[in-house]
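Scroll down for the structure; my scribbles are underneath it.
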Amino acid sequence: MADQTSQNDNQNGSGLPGGGPSGTGRGRLIIWVIAGTLLALWAYSYWGMGASGGERISYSEFRTQLQQENVERVEVKGNAINGSLKSQATRSEQGNTIEYQNFVTYLPSFGDEQLMDLLESQGVNVVTKPESSFPWGLVIMGLLPVLLLFGVGYIFLRRMQSQGQGLFSVRQSKAELYDKDEEDTTFDDVAGADSAKEELREIIKFLKNPKRFEGLGGKVPKGVLLVGPPGTGKTLLARAVAGEANAPFFSVSGSDFMEMFVGVGASRVRDMFSEAKETSPAIIFIDELDSIGRKRGAGLGGGNDEREQTLNQLLSELDGFEENEGVIVMAATNRPDILDSALTRPGRFDRQITVDLPTKQSRHEILKIHAREKPLSDDVDLEEIARSTPGFSGADLENLLNEAALLAGRHGHDAIQYSDIEQARDKVMMGLKRDGMVLDDEEKKLLAYHEAGHAIVGAVLPNADPVHKVTIVPRGKAMGVTQQLPEKDQYLYRHDYILDRLAVIMGGRAAEELIFDTATSGAENDLKQVRKMARKMVLDWGMGDQFKHISLGEDQGNVFLGDEIAKGREYSDDTAREVDEEIRRISEDAFQRAVDTLNEHHEAFDQLADMLIEQEEVSGKDVLNLVNGDTDEIGHMPTTNGAAASEENGSADDHEPDEATVIEEDGESGEGRASGSADASGS
C-alpha cells in the first residue's frame, strides 16, 4: 500500500508543478514570475520603447535650447526625441537645480511642422529610426488580466488535487468502508433490543451462507430500516453488524449526499452502489435516512428539488429496472412518519425493525455495560437505578454514569458512590442549581404551598404515581419540582389513572387559590399540560362523557413534509363547541378534585409547606407519613439525596414505558427534559 501511495504521489507531481503541498508553492512562484515578467514588459513598452536615456525635459524647454543654438544632435523615433546638447544646461525642479546634457522629450500630439526647418537651419545632426508597427503595449495590457486569472485558477486546481479533491471527485460517494479487523463492536456490546438483534443476525447468516435460504426459495431482504426514538442504539446496532458480518460494510450519513452542486446527490448514490456491487455481497448503512428520504412534493415551491432527485436515484438502485443482487441496504431514522411511501414499501425496505426505549431489565443490562470501566462503590445498586429511570434511553443512561463519574472526581471519591449518581440524575434532568437566585419570604412561601399541593394530591389519590421527592430549590428553568416515580413500566393508561394525574397537576393551582386566594403565572405549564391531556382524552382516546366511542382527532400534516396545505376538521361547529365544553369540564373537575383533596388533608398540607420552607427538600416517604399522620417517622432529607425524574410530553398512545413524573413550578417556561410520554406535567 505504501508503494502504491508513493507511485500516486509521483504521478501527481511529475508532469506539472504543484503536485503536492510543495508543488503548490512552486506553481504559485511560477505564476508570480510570469506576472512580473509581463508587467515589466508592459512597463518597458509604455515608458521605455523609443527613449534610450537622458534627462526628461518638457518640449518647451527643448525648443528653448534649440533657439539658443545649444542642440548638437537629436534622434527621432515616433514621438520620442533623444538628444544631446553642445554644453550643459540647468533646470530647476522642486527647488533643486539639475544639470544635464543628454535629454529626452516627446512631440506634442498636434505635432510641430516648423521643427525640421529649425533643426536644419542650425545644422543639428538629425537621426530618425522607424517606430515598431506591432502594438506590444496594448497586447500585453490585454493579456495580463487573462493570464493572471488563469494563474489563480491553476493554483486553485493544484491545491484541490493536493488535498485529494479533484474537480470531479465531488460526485464520488463519501461512503466509508469499514475494516472488519478495525471495527470491534459486536452484538455483545448492545444490551437489550433482543428482537432487533435477532432480525439482524438473520441478515448476517444469509450473507455467510446464502444457499441455505435460497434452497428454500427465500430471498434476503433488500432493505432493513431501523426505527426508534433518539438514543436507543440504532447506529450502535449498525456498528455491531459491521463487526459481526463477514462482508464489506459501507457507512454513510444521509446528509453526505447533498451538496451545493446540482446532480451531485444522485451521482453519489450511483457511485456508492457501484462500489458495493463490485464487492458484493455487501452491506450499505445510511444513517439519518430522513434527510434524503422525505416525502416528495414537500414544500410550497414548484421548482426542482435536488433532494428529490437524490431520492429518485436511491429508489431506482433499491428496486429499479436493473436487479441489485448481493447488496443489502440498512438505514436508521427517528422520523419514519415523514419518509416517502415508495421508500418504505416491500421490495425496498422490506423490514422495519423498531428499536424502542429499553425496559427495566434492558436498562439494567445497559448500565452494566457502561459501568464496565467505571469503579463503583458497594452502595451502588444498578438494578435500583434501572428501576428508578423509566423512559431513559441507552444514551441517557450512558450520560448519567458519565456525569456521575465527573461528580465523583470533583468530590475526590476513589469510586462512584450512589450519592454521585443521584446528584447526576438531578443535574441531567432538572439542570444545575441556581445558587444565585434568592427568593424573598413571600415567594418562598407561595412556592412551598404550590409544590405541597402537587405532592399531597399525588400522595392521596390511589391511582397516581408515588411521590419520590419535593423540592423548592431552583434548578435549571424550574423553581420547584415534585417528582413521582411509577412502580413499574407502564405502556397503557387507564381512565382513572389519567384523571388522578390531571388532579395532581392541578394541585399547584388549587393550593394557590386556597391559601392566597389568587393565582400566579407559575401554573402556566400545568394548565398547558392539562389542556393537552384533556384534549387527547376527548378527541383521541374516547374518554369524554359525550364522545365515549369515537375518535375525532386528526393528524395535522405539515405542508413542508409533503402533506396538504390545509386540512379542515371532519366535524361540525356544534360538535367543536361540545368538544370545548367537554375539555373545560374535565379541567374543572380535576381542579375541584385537587381542592377537595387539599381541604380534606389540610393539616398535612400545611405541615408539608412548613417543612419545605425550612428544609427546601422533602422525601416522598415523609410526604406519605404526613398524609397518614405518622409524624414520628418523619426524618430530614440529606442535601445530596436525589431521585430519577423526567418530564414526559409525548403521547400516551405511543405505547412507550411510563416515566417519572415531574411537576415543576416555573415562572419562565417550565420545560424540563423531554422523554416521550404524554402524562408528565410542569408548572
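FYI, residue positions are counted from 1 along the chain as it appears here.
Cβ atoms are placed via backbone N, Cα and C, with glycine included.
Source: prediction; values computed, not measured.
Pulled from Swiss-Prot:
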{"type": "COMPBIAS", "residues": "1-12", "note": "compositional bias 'Polar residues'"}
{"type": "REGION", "residues": "1-21", "note": "region 'Disordered'"}
{"type": "TOPO_DOM", "residues": "50-136", "note": "topological domain 'Periplasmic'"}
{"type": "BINDING", "residues": "GLY228, PRO229, PRO230, GLY231, THR232, GLY233, LYS234, THR235", "note": "ATP binding site"}
{"type": "BINDING", "residues": "HIS450, HIS454, ASP526", "note": "Zn(2+) binding site"}
{"type": "ACT_SITE", "residues": "GLU451", "note": "active site"}
{"type": "REGION", "residues": "627-683", "note": "region 'Disordered'"}
{"type": "COMPBIAS", "residues": "655-669", "note": "compositional bias 'Acidic residues'"}
{"type": "COMPBIAS", "residues": "672-683", "note": "compositional bias 'Low complexity'"}
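Recorded features from Swiss-Prot, shown on the structure.
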residue: PRO229; record: ATP binding site; DSSP class: coil
residue: LYS234; record: ATP binding site; DSSP class: helix
residue: HIS450; record: Zn(2+) binding site; DSSP class: helix
residue: ASP526; record: Zn(2+) binding site; DSSP class: helix
Which are the residues of the chain, GLY228, PRO229, PRO230, GLY231, THR232, GLY233, LYS234, THR235 excluded, whose CB is within 8 A of where the CB atoms of the ATP site average out, their centroid?
ALA332, ASN334, VAL355, SER393, GLY394, ALA395
What is the average pLDDT across the topological domain 'Periplasmic' (50-136)?
81
For PRO230 (ATP binding site), the number of other Cβ atoms found within 10 Å of its own Cβ:
11
Among HIS450, GLU451, HIS454, ASP526, these being the recorded positions, pick the one whose CA is nearest to that of GLY233 (ATP binding site).
ASP526
Applying a 10 Å Cβ distance cut-off over all chains shown, what neighbour count does HIS450 (Zn(2+) binding site) have?
32
Between C-alpha atoms, which of these recorded positions comes nearest to LYS234 (ATP binding site): HIS450, GLU451, HIS454, ASP526?
ASP526
Would you identify which of the binding-site residues THR232, THR235 has the most other C-beta atoms lying within 10 angstroms of its C-beta?
THR232
Between the recorded positions HIS450, GLU451, HIS454, ASP526, which lies closest to THR232 (ATP binding site), Cα to Cα?
ASP526
Provide the number of Cβ atoms within 10 Å of the Cβ of GLY231 (ATP binding site), excluding the reference atom itself.
19
How does the topological domain 'Periplasmic' (50-136) divide up by DSSP, counting helix, then strand, then coil residues?
17 helix, 39 strand, 31 coil
Of the recorded positions listed here (HIS450, GLU451, HIS454, ASP526), which is spatially closest to GLY231 (ATP binding site) when Cα positions are compared?
ASP526
So of all those recorded positions, HIS450, GLU451, HIS454, ASP526, which one's Cα sits nearest to PRO230 (ATP binding site)?
ASP526
Just name the most isolated of the binding-site residues LYS234, HIS454, going by other Cβ atoms within 10 Å of its Cβ.
LYS234
